[in-house]
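J.: There's a structure below that I have some questions on.
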Amino acid sequence: MKTFTLPASVLFCFLLLIRGLGAAPPGRSDVYPPPLGSEHNGQVAEDAVSRPKDDSVPEVRAARNSEPQDQGELFQGVDPRALAAVLLQALDRPASPPAVPAGSQQGTPEEAAEALLTESVRSQTHSLPASEIQASAVAPPRPQTQDNDPEADDRSEELEALASLLQELRDFSPSNAKRQQETAAAETETRTHTLTRVNLESPGPERVWRASWGEFQARVPERAPLPPSVPSQFQARMSENVPLPETHQFGEGVSSPKTHLGETLTPLSKAYQSLSAPFPKVRRLEGSFLGGSEAGERLLQQGLAQVEAGRRQAEATRQAAAQEERLADLASDLLLQYLLQGGARQRDLGGRGLQETQQERENEREEEAEQERRGGGEDEVGEEDEEAAEAEAEAEEAERARQNALLFAEEEDGEAGAEDKRSQEEAPGHRRKDAEGTEEGGEEDDDDEEMDPQTIDSLIELSTKLHLPADDVVSIIEEVEEKRKRKKNAPPEPVPPPRAAPAPTHVRSPQPPPPAPARDELPDWNEVLPPWDREEDEVFPPGPYHPFPNYIRPRTLQPPASSRRRHFHHALPPARHHPDLEAQARRAQEEADAEERRLQEQEELENYIEHVLLHRP
């Protein structure tokens, strides 16, 4: 077998080297087939994973790759070192082949080598690192036979000679240095600037594809980081379940499944460089689903919250405007109804002017509008609360309308020299009454009966704010003037006499009782030491200052009050004091003063209400 295998292998190796010296390095894209679709990429990845299952037998691989191929384009872009390693493996495989006829021994090694080379070009020639290829070329794997015979030693020597010859031919090539530099740069770029992406729907080796790190940063948004758990899970699955082709072929030469996984997928990454349309869209969608979901949800929630807040604010503004307009219409209706029914019969308001009342009314309206605006943001308000608020608003409007009606009669006495803007529209009866009044009393009442122009202007402005038309304002003014004239010509009303003030009920303090009659005078010599002059009922028990009953008091000790009171009875109050009577008298005096003040305040309030606010005929 050695005689037939070695010359054919050497010639075939020389032929391959001559054809592959001018091939482009594996890093160039012009050698590869036309761009592939996503389906073809997945199929290639699946073939790359499922191939180790049935590549252990050379005959099966030769049967799978028996399609006719062009010899000129078969090994373009193939690294010579990879071809040398494959040839060495092919030389090693026929060491223990099955028994075949002698006539067909010459063609069998060539067909097996060609099948192995074809399969290696498709699956793994680009993925073998240079260091492993060189190591396998320098130190080829041990033969499968366990016999330590001289034939095995001769074959190993021949293999070493063939490896050295291939190395010399490779060094002799003129374009070898350039190809080595480009290959090293391509491998460095592939190993350092690639990132493995995994499809989340079906994580597995058939869905893995590699992309440039620069393109990944340019296309994937910043808020869409890759999930850290997916690569680790994928690597664990690959290390546990899927064996790699390099592991079956080179045995101990492979360092780790992770390294050969990246090297196996290198053709996919190079093929992806020529694809421009499908993959960026998928990556953009995948990036948006990976990291942009949370950001999108946050943005959506913020937008919905802003829309809801704007809607609530618009609804509150609309409700406040509608409530304000409704209250204004209600106030104008109440004012007009009150004026037409004779509310102008009231008299002056005791010094309160029209401008102050109008300003107070505007302030109250602004406060109500502010309160309604604050409460407008609530969506649900009870009907009872609304009815109570409406009733309260109506009561307030009625009270203000009553006060405004009283203002119409404020200028009853008027000021001299004032001219009415509507003096030309007065009735002729009014002029006749003025003439009769002039003949009888010799006094002119035109100025008294006419309203002040400033008052009319203020009334017009107030009615405008109450949403009343100009015709209604004119009719109201005419009604007020006619009622004032009729009331002016009416007989004077009898003024009720003022109520007499109640007589003050002062509680006087009780008079002190008369002094007690003087007792018998004691001799003068008894004034110094009068201890026997004490009264019978005055007994001083021993206390803290009298520890001993027989204590002799000094002469500086003052006599008791009863002893002193005997000699000055005409100027001092009686001997017996009654504190309870004095306290009762003091309390009675305070109660009388409080009652008097209360009556005075009540009388003043009644006088103010009767003569100033609510004076009725």
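Here, residue 1 is simply the first one shown, and the rest follow in order.
Glycine residues also receive a Cβ, built from the backbone N, Cα and C atoms like all the rest.
Quick caveat, the model's predicted, so the values are computed rather than measured.
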J.: Swiss-Prot annotates one residue of Gln71, Gln124, Gln313, Gln600 as pyrrolidone carboxylic acid; which residue is it?
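T.: Per Swiss-Prot, the residue annotated as pyrrolidone carboxylic acid is Gln313.
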J.: Consult Swiss-Prot and report the residue, out of Gln43, Gln180, Gln249, Gln346, annotated as pyrrolidone carboxylic acid.
T.: Gln180
J.: How big is the gap, in Å, between the Cα of Gln180 (pyrrolidone carboxylic acid) and that of Gln313 (pyrrolidone carboxylic acid), rounded to a whole number?
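T.: Distance between the two Cα atoms comes out at 73 Å.
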J.: Work through the modified residues one by one (Gln180, Gln313) and point out the residue whose CB has the fewest other CB atoms within 10 angstroms.
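T.: Each of the modified residues Gln180, Gln313 was scored; lowest Cβ tally within 10 Å is Gln313.
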J.: Looking only at DSSP and grouping its letters into three states, which state does Gln180 (pyrrolidone carboxylic acid) belong to?
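T.: Helix, per DSSP.
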